[in-house]
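Structure first, commentary second.
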Amino acid sequence: MVKRHIGSWILVLFVVMWSDVGLCKKRPKPGGGWNTGGSRYPGQGSPGGNRYPSQGGGGWGQPHGGGWGQPHGGGWGQPHGGGWGQPHGGGWGQPHGGGGWGQGGTHSQWNKPSKPKTNMKHMAGAAAAGAVVGGLGGYMLGSAMSRPLIHFGNDYEDRYYRENMHRYPNQVYYRPVDQYSNQNNFVHDCVNITVKEHTVTTTTKGENFTETDIKMMERVVEQMCITQYQRESQAYYQRGASVILFSSPPVILLISLLIFLIVG
């Protein structure tokens with residue numbers, strides 16, 4: 001009789017446990033995903049232009065209340081009258097007339113960074129995929145990916161991309177997904193840091209990038225950052241589901257009961 005009651009209680013606990021797990025799986029995921037509302041990325045069809053400005057202020061691509069990519073009356077991607085993707089007259093990615101990436105000086109050239117950095121491939125060899133990269137403020141280096149096949153709308157750019165795609169990154173830098181409110185923010189940050197690091201390390205070796213290279217590199221890195229987000233987000237929710245499963249009261253009670261039966 002006692003064994004029959006124990007078996008009944010175990011059956012009830014299993015039903016409660018799996019009901020709790022089912023409810024956990026049906027809970028909506030937080031944050032806005034890709035094309036699920038909130039801020040969205042701009043269209044892909046515009047030639048040239050830096051689609052990932054690093055300045056704060058207005059909405060996406062609208063710092064200080066300017067039009068799309070036109071803060072303070074600049075041209076397309078030309079805030080304060082700078083050149084292509086040159087806010088405040090600096091080089092590409094040089095806000096306020098800065099020198100190299102992240103440089104505050106006014107005399108350094110974009111293609112002459114003052115502090116050489118380790119090449120991305122060397123970092124990849126030194127650190128396992130997903131490990132924190134030293135000197136990058138908590139960014140991790142993703143695993144290598146195949147560069148996506150992208151069509152740019154004309155034969156010249158399509159051919160140029162096929163011939164030069166080996167010069168563009170095949171890994172991305174990123175922070176953990178739980179540090180971002182949605183996919184757009186993750187991808188924006190991922191693109192900026194990856195293009196920046198790849199550009200600096202490549203120009204240090206004496207190879208420069210044209211405007212066409214930068215445009216294509218952003219498109220390539222964007223697709224890889226989206227893939228990286230999807231991978232990391234899936235892993236994050238799987239870890240969360242495991243924690244919820246093994247920390248739920250029915251599971252704890254069931255484990256305690258099994259231990260009691262085994263020991264007793």
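Using the three backbone atoms N, Cα and C, a Cβ is placed for every residue, glycine included.
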Disulphide partner cysteine [Swiss-Prot] for Cys190, chosen from Cys24, Cys225: Cys225
Rounded mean pLDDT for the residues that make up the repeat '3' (71-78): 44
